[in-house]
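**Student:** Annotations per Swiss-Prot:
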{"type": "BINDING", "residues": "Ala3, Val4, His5, Phe6, Gly7, Ala8, Gly9, Asn10, Ile11, Gly12, Arg13, Gly14", "note": "NAD(+) binding site"}
Amino acid sequence: MKAVHFGAGNIGRGFIGALLVDAGYEVTFVDVNEKIIDALNERNEYKVTVAGERKETETVTNVRGINSKTNEKEAIDAIAEADIVTTAVGPTVLPYIAKTIAQGLKQRTASKPVNMIACENAIRATSQLKKDVLSHLSEEETTALLKDAGFADAAVDRIVPNVQSDDILHVTVEPFFEWVVEKPALKGDAVQLGKAVLVEDLAPYIERKLFTVNTGHAVAAYVGYRKGKKTIKEALADDYIKHRVRGALNETKAMLVEEYQFDAEAHEDYIDKILLRFQNPHLEDLVERVGRGPIRKLGPADRLVKPAKYLAEKGLHPESLAETIFDALHFYAEGDPESEELRALVDEKGYVDAFCEISKLEKDHPLVEIVAKE
């Protein structure tokens, strides 16, 4: 079985790529990072350290790489032969790889199933990828393609920090992982996804993860940044920051329990588990890494604004989320284009107007009024 995975970064190698190899696939990583691609082709393997109570290092084999910047034709050919195509490139990059995927799918001659799964921290990223891919195809090509091509949304969860290593391919991950895939959208009777969990309805899993794991991580990062903390572990050692994270997750819990009828007690246990993961003593996750991309993370459907908006519109006061939104408007990470853009926007318009533009909310929206008081 053959898999093509876009994104040979830490998440691609340490999470999705490793799971695909474990499920029996030969994995071709597609990326523009020349050094990583060259190293993959030189060795055809890499090491993953699982940082639990005992550090265990595994070797992931049966891998290779393609530089899509210099060898796009080779990437297209690989897609034409693949059984599965996955991504971990960041949601904003999906439109840029869609044309290559479309060309590879058009080139397929065998009438066998192929499935696309975008493994991104965004709601229904595969659905977005599908739109982007189909925009490069004619109506006839689309009809023919969709007979054999599945586009399955997924929820992904694993902390993969940037850990310094002399080995460019070595990656460190936490023991916990969750890859949940929407089963009805898959094509083929026996899709091999190994340790992935296949579910009939993905929506609850996407939102539970986004509004617990990603929200909690964001709160720790943005509050930690303003408090001068360097790592998430250091941030959560501060009782004030831990209180802020717990407060925000209690607010998102209220939304999730009402929207999806999650058991409140079970969800509280889930929050406890997430907080323990964030405090893993064997992981050094940088505040700057977690906070990067603040404009996307302040978007109307993302981890902070969506739950805060939901609660504010019900007449509730999402204090912890609103405080974090205000903290996020101060965030800056060197080398992060969105940080540069955010700083320029705030300098030009001020915090409240900048927030309105990013969140697509009117100035008289109850959430904006709460944030303005911060």
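Backbone N, Cα and C atoms are what each Cβ position is placed from, and that goes for glycine too.
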**Student:** Ala3, Ile11: which of these binding-site residues has the highest Cβ count within 10 Å of its own Cβ?
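**Tutor:** Most Cβ neighbours within 10 Å: Ala3.
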**Student:** Tell me which of the binding-site residues Gly7, Gly9 sits in the most Cβ-dense spot, judged by other Cβ atoms within 10 Å.
**Tutor:** Gly7
**Student:** Using a 10 Å radius around its CB, how many other CB atoms surround His5 (NAD(+) binding site)?
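**Tutor:** Within a 10 Å radius of the Cβ of His5 (NAD(+) binding site) lie 28 other Cβ atoms.
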**Student:** What three-state secondary structure does DSSP assign to Gly7 (NAD(+) binding site)?
**Tutor:** coil
**Student:** Using Cβ-Cβ distances, find the residues under 8 Å from Arg13 (NAD(+) binding site) that belong to the same chain and are at least 6 apart in sequence, listing them in sequence order.
**Tutor:** Phe29, Tyr46, Val48, Val60, Leu169, Val171
